[in-house]
Amino acid sequence: MATIQRDSLSGAGRKVNDAPVLTGDDKEDDGRDQACRKCLMTRLRSVFFFGKRGGWSPAHRMETGIDKAGMEEKGTGKRLMEEGSEPKGMPLTGTEVKTKRETWSGKFEFFLSCLGYCVGFGNIWRFPYLVYRNGGGAFLIPYILFLVLCGIPLVFMEMAMGQFSSLTSIHLFSKFSPLFKGLGYSMVIISFFVCIYYNTIMSWVIYYLYSSFTTKLPWSWCDPAWASPKCFSPFQDPIGDFSSIDNMTQALVQTENNLIFSKDNRTRVPAAEEYWNRHVLQISEGIDQTGSLRPELLICLAVAWISVFLCSFKGIKSSGKVVYLTATTPFIMLIVLLIRGATLPGAIDGLKLFIYPDFTRLSDFQVWTDSAMQIFYAMAPGWGGLLSFASYNDFHVNVYKYGIAIPVLNFFTSLLGGFAVFAIIGYLAHQSGVPVHQVVAQGPGLTFVAYPEALSQLPGAPVWAVLFFLTLFTIGIDSQFGMFDTFLSALTDEFRVVRKHRSLFCGGACLLLFLLGMGCVTNAGMFWVQIIDYYCAFMTLMIICITECVLVGYIYGAERFRRDIALMIGHPISYFWCISWKYLTLGTISLILFFNFYFQKAIVYEDYVFPSWSIVIGWTLAVSSTLPIPLYACVKLYRSEGSLWHRITSSIRCTADFGPSSIMDRKMYLKDVRLVPPVMGPEYPCDEEEAMTKLDQTADHFLTLNQSVASTAVLVLPYEFP
């Protein structure tokens, strides 16, 4: 049987595989072939919901190698391969994106970038406090369980998706499941919101780092410029230094405060806490009392965003080199701090409090909720950053080992941070003569009050303070430009104007986020940080991860995704991952979301209860980050044609050009007989009844294998269907 292929550029017929061109003398056979082709295409559309009409674009033909020669004759293929440009009216495909986007210089850059992205402030101040509050070592039982059931499978899944497609969040889901393209927008919005408050925390770190370059740490004593009558420094000399008027005034005030509070038995406030609340934050009474901007913090916020810009304006060409310093330094410094803390008196008491198990706490539902929440904060699934970083990988990088190694190393980093923190906290309690639990604070209080206070009592305190806050800076900057790259790279892949002017757009985005973050460096800034952190992360991330599991497990097919991974890494992976994505991970996250929503508690900061209007704003932010998912789905269905069922089924499956972006990898992908059933091969029976019978016999098997493979397999058809 002769095969004919029509050139998409000229419309002229030509030979394929040296087959003879049909002539006008073969009108009867030609009509028979035309009827057969129309019949096959009609059946394909009805069975596989393949509704796209017309020929494939030259870029698509070039990818599969079908029309490569014809395109090179007209110069189009050569221009696309060399320049990665996009002809007018032609959709941007994975090949052009791959050509335009850079790749990691080495696997180690990818590894360090992902590790630095996952290791954040939560490993230093959130995880240690959660372990202490929820039963010590007993807390590790639910944490490790959720790590195996949720953390590792989600991290591995997102890395594999990004590497397989070489696309970031928005562009990936527009091909993976066009109906759920809004999932990519949700990831971008979450990263955008978190970037606002995350760099506010960075500004606090920078301020403390700057203040540590001194001979005497400012939070080690009560400065009359900011100290209240409650201020008390347990290590301040009660007799005082009367060598000057300032020292005399300070000593007299301190001595008077000590006598008053000892007599009245009133609660005193450590100098480090006064310094944090009254000097650094100058915190107001509530979120409704905005107050004024803090000039010092505003400058530090600008420094933070300038740092992010310098790390990100050239993409991974710049950030990939920075991570060699920023991702390795925290581990070295945490080890140094742990060794120093372990040699101090009282360190053993702090470590015992950190790891001593209280198994009775496992009956408390809050323990399980906290452990699940920490997984989403620490492992960063659903944020889009892992997708973005993996998309810069070579197609055959062993993403399997990185998908397991990074969550495990993240877990041990949290333990390392916890040991380093509680060793110093134990020393502080020993020096203060109080139980350890009385000096333990949660959240920012642990990092900016308890730990600095303990460091201030060490010999050579400024040096240790510089090391600690430099560690926090390197931890924060990695996570921050990871989230920023998620936002920036997704828009770069989606919009050509951003792609052409990436550096300019990067600077504009940093400026915009700086302006939005100014509200977080006012007197009420801490309250806004708490609102954004509480409402924009946890539940929204779980909704995104649930949707991802449904798409991979049931829409795209867990078994097909498993074969895709095997094509990348060169060997099959265990069926455990299919079971996990379809049942274990999906079911676990769904239960956590349900119970967390059912037992939802009102947000509080220390003793402050947030007003109802601020809670409404918080829920508005949470809804706005998930709204693109159903909103885009509705728009997609409205713009599609056919019945509602046809619109859903044709929009929910992957597009024809989803898959490896390079030509050679795509050929391997399409030639794999496990992915392309024989019925979609180049040879078709000419008899109409025989063709329909053959198609009916294989349709059920084909759909069971994976419904969405039909659109991909059509790329290798030898005919130009009308």
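Each residue, glycine too, has its Cβ placed from N, Cα and C.
When the candidates Cys195, Cys222 are compared with TrEMBL, only one is recorded as disulfide-bonded to Cys231, and it is Cys222. In the record from TrEMBL, residues Gly116, Val119, Asn123, Asp478, Ser479 bind Na(+); the candidate from Asn199, Asn410, Asn523 listed for the same site is Asn410. TrEMBL assigns the feature region 'Disordered' to residues 1-32, out of the candidate ranges 1-32, 641-672. In TrEMBL, the annotation transmembrane segment applies to 611-635, one of the ranges 436-460, 611-635. Counting in whole angstrom, Asn410 (Na(+) binding site) lies 38 from Cys222 (disulfide bond) by their C-alpha atoms. For the Na(+) site, the Cβ centre of Gly116, Val119, Asn123, Asn410, Asp478, Ser479 serves as reference, and the other residues of the chain with Cβ at most 8 Å from it are Leu115, Tyr117, Cys118, Gly120, Ala327, Pro330, Thr413, Ile475. The stretches the transmembrane segment (139-161) and the transmembrane segment (322-343) do not meet in space: the count of Cβ pairs below 8 angstroms, excluding pairs fewer than 6 apart in sequence, stays at fewer than three. Sequence-distant residue pairs (6 or more apart) of the transmembrane segment (532-556) and the transmembrane segment (322-343) include fewer than 3 whose Cβ atoms are under 8 Å, leaving the two stretches without contact. Contacts between the transmembrane segment (375-392) and the transmembrane segment (182-210): present, as 3 or more C-beta pairs lie under 8 angstroms, all at sequence separation of six or more. Only residues 6 or more beyond the boundaries of the transmembrane segment (182-210), in the same chain, are considered here, and those with a CB under 8 A from a CB of the stretch are 121, 168-174, 280, 296-298, 300-301, 303-305, 307-308, 382-385, 387, 444, 448, 452, 465-466, 469-470, 472-473, 476-477, 479-480, 483-484, 486-487, 490-491, 513-514, 516-517, 520-521, 525, 528-529, 532-533, 536-537, 540-541, 544, 547-548, 551, 621, 624-633. Between the transmembrane segment (461-484) and the transmembrane segment (576-599) there are fewer than 3 Cβ pairs closer than 8 Å, counting only residues 6 or more apart in sequence, so the two stretches are not in contact.
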